[in-house]
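S.K.: Dropping a structure here in structure tokens format, bear with me for questions.
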């Protein structure tokens, strides 16, 4: 068997693949956080709960409404995103003139409410969501076995991430968003409906979290607490990448997944902390983050 | 359909109001506050189509606040603001521009994360009160026209907005609202900190716009820039209009203005 640094190649590639999958989720989630932070200046602590709601909506939709995976991939982000818009209209908008800390506290409270409600209804143990028929099985490559669903998750997440990047960096709508991030008052004076843009942006960020949730449902146990543990890591990713940078969020997410995977191969004990170690180093050397603008 | 009818009634109403050319902007007893601080104390002014009017005064006299109050960019307001005969006090900030108003803020407001061309294309097109005066109104200048007017911007169209020099940024800020079709322009300190040769260019552009029938309200510190361009001057102090001075009266009042403005 081929070895590299005393590690079987299959193990190495297997862990790198797992790392890349985790990285794809980090990228999707930190991208949503970055989009929301850019325009609303709110650190959306409900992001993990909204990811969890996505997974739960897919699960419950399948159980009670016969919603299949492919439909869930479209419908769930729309529904959870709409819920996000309601949250923005009814709650976040009322505190937008206050210190940003209030937004953080409010969204944190919302996360607790979403989680608590679902724990009450369904308990903390996870349920499993079946891998869709068309994506079961896998490919036997010369150096590793690649499950089809994992390959699909990677492709879908990357396509969505770069689609959002394109939308924001290369289109007229994105130009409104970028300009609104810099100077919402002036954008408004030019005749653009900024409050509507804020609602839709929050909805987009939340929909991205829900999309990640649906993608995750067949991979991880679907439980009310699945989001909160992930969110802590995602926040570290956002700090490393630099708050508010779109491309930074995506690339850092993928890179951190890979670093985590590599650490699992070479020094498994540190795998759960390596991202935080990187975060500390970045904070010391480049406090604005790798892609952030130095203040 | 409704929009067309509204426009038509607006036009009749405002045309009937004034025989000398319709009122494009009318402020009556305008008061404004930033939080607790009361910045405008009953401003009254009227600007008619095709006029170029300046707001003169020292720093803090309330000139920029007047423009910002018109755009609904201050905290609280009271009084009346009529834009082309339409009451705009109840309108959300993003609706004001669509009455055909273009605003150029004092800090120029060039977006750093947008290229020059993205900055130019950012403001949506707005309607203007389509009176035909030799040229079809309601459509702004095209990109080609703007690049012909400001060749520097064409050269730098792909660079980031804030990589431009101060003069280029000002030209971009002005060009940006000319594309939208706005025919009532509110310009705040456009000559501030710029070289004389650039001010000369800006003066030429303003003359050209005036000749095209645009209505311009100019907040200006640089009296020598404003004097030859303006039809009338409003002298502001302590958030209110101290005096209105016509272009004809200006030579006689030169000494006085120099004293009041401290220039």
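Numbering starts at 1 and runs along the chain as it is shown here.
A Cβ is built for glycine as well, from the same backbone N, Cα and C atoms used for every other residue.
TrEMBL labels come from automatic prediction, so no person has curated them.
Positions annotated as transmembrane segment by TrEMBL: A:12-37, A:49-66, A:72-92, A:104-129, A:149-168, A:200-220, A:232-258, A:270-289.
Are these features on the surface or tucked inside, and what are their neighbours?
M.R.: Same-chain residues lying 6 or more positions outside the transmembrane segment (A:49-66) and placing a CB less than 8 Å from one of its CB atoms are 29, 72, 75-77, 79-80, 83-84, 110-111, 114-115, 118, 122, 127, 129, 206, 209-214, 216-217, 220, 222-228, 230-231.
Under 8 Å from some Cβ of the transmembrane segment (A:72-92) lie the Cβ atoms of residues 40, 42, 46, 50, 53-54, 57-58, 61-62, 103, 106-107, 110, 156, 198-200, 202-211, 213-215, all in the same chain and six or more residues away from its ends.
Within its own chain, the transmembrane segment (A:149-168) has Cβ neighbours under 8 Å at 17-18, 20-21, 24-25, 27-28, 31, 35, 73, 131-132, 135-136, 138-139, 174, 177-178, 204, 208, 211-212, 215, 218-219, 246-247, 250, counting only residues six or more beyond its boundaries.
Long-range contacts of the transmembrane segment (A:200-220) within its own chain (CB-CB distance under 8 A, at least 6 residues past either end) are made by residues 21, 25, 28-29, 31-33, 35-36, 38-40, 44, 47-48, 50-59, 69, 72-73, 76-85, 87-88, 92, 126, 128-132, 149-150, 153, 156-157, 160, 164, 177, 226-227.
Long-range contacts of the transmembrane segment (A:232-258) within the same chain, counting only residues at least 6 positions beyond its ends with a Cβ under 8 Å from a Cβ of the stretch, are 16, 19-31, 33-35, 37-38, 47-48, 161-162, 164-165, 168-169, 181, 275-276, 278-279, 282-283, 288-293.
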